[in-house]
Amino acid sequence: MASTQNIVEEVQKMLDTYDTNKDGEITKAEAVEYFKGKKAFNPERSAIYLFQVYDKDNDGKITIKELAGDIDFDKALKEYKEKQAKSKQQEAEVEEDIEAFILRHNKDDNTDITKDELIQGFKETGAKDPEKSANFILTEMDTNKDGTITVKELRVYYQKVQKLLNPDQ
């Protein structure tokens, strides 16, 4: 883990190097270019994290004042790591939800779930109207409207649910 001094030096270097118009502000585009230069795995995501930590007024720019103000770098790093841990936990929850859904409804051990499998699953769980429940699920999850639900469609659906439950993430 980098020391606070290293972080301060890196931020100053970033300002000196990538504040292209020398206005004392870093835009998201400048940050993305910075991380590309550093050969970051995902420069856009790195820029987003940078802005989540340092763009205190959420105006889409990181200013020298925001960087040099009352920033507690250790606290900022801790918050960043907590957000990362929460994000990983949410990803794990999505995968658990997908697995549970597949186990409950997939009757022929392939990866797609059909309307008939949904109906059968709802019958087994005692749903009042299994066909209506199946139709609702297909309407919500079957994005390509082919009559089956794929793992990809499940993942997209459960990620949307996570975002609704955790809008600040």
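Every residue number used here counts from 1 along the chain in the order it is shown.
Backbone N, Cα and C atoms are what each Cβ position is placed from, and that goes for glycine too.
Over in Swiss-Prot, the protein carries these features:
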BINDING   D19, N21, D23, E25, E30  Ca(2+) 1 binding site
BINDING   D55, D57, D59, K61, E66  Ca(2+) 2 binding site
BINDING   D108, N110, D112, E117  Ca(2+) 3 binding site
BINDING   D142, N144, D146, T148, E153  Ca(2+) 4 binding site
DOMAIN    6-41  domain 'EF-hand 1'
DOMAIN    42-77  domain 'EF-hand 2'
DOMAIN    93-128  domain 'EF-hand 3'
DOMAIN    129-164  domain 'EF-hand 4'
Rounded Cα distance, in Å, between D19 (Ca(2+) 1 binding site) and D112 (Ca(2+) 3 binding site) is 49
Using a 10 Å cut-off on CB atoms, tell me which of the binding-site residues N21, N110, T148 is the least crowded.
N21
Remote residues contacting the domain 'EF-hand 4' (129-164) - C-beta distance under 8 A, at least 6 residues beyond either end
90, 93-94, 97-98, 101-102, 111-115, 118-120, 122-123
State the mean pLDDT for the domain 'EF-hand 1' (6-41).
78
Name the secondary structure element type, per DSSP in three states, that contains D55 (Ca(2+) 2 binding site).
coil
Out of D23, E117, D142, which of the binding-site residues is least crowded by other Cβ atoms within 10 Å?
D23
Given the recorded Ca(2+) 1 site (D19, N21, D23, E25, E30), which additional residues of the same chain have their Cβ within 8 Å of the Cβ centre, ordered by sequence?
Y18, T20, K22, G24, I26, T27, K61
Taking DSSP helix as H, G and I and strand as E and B, the domain 'EF-hand 4' (129-164) has 26 helix, 2 strand, 8 coil
For D142 (Ca(2+) 4 binding site), which of the binding-site residues N21, E25, D59, E117 has the nearest Cα in space?
E117
How far is it from D55 (Ca(2+) 2 binding site) to E25 (Ca(2+) 1 binding site), counting Cα to Cα, in Å?
10
Nearest recorded site to D112 (Ca(2+) 3 binding site) by CA-CA distance, among binding-site residues E25, E30, D59, K61, N144
N144
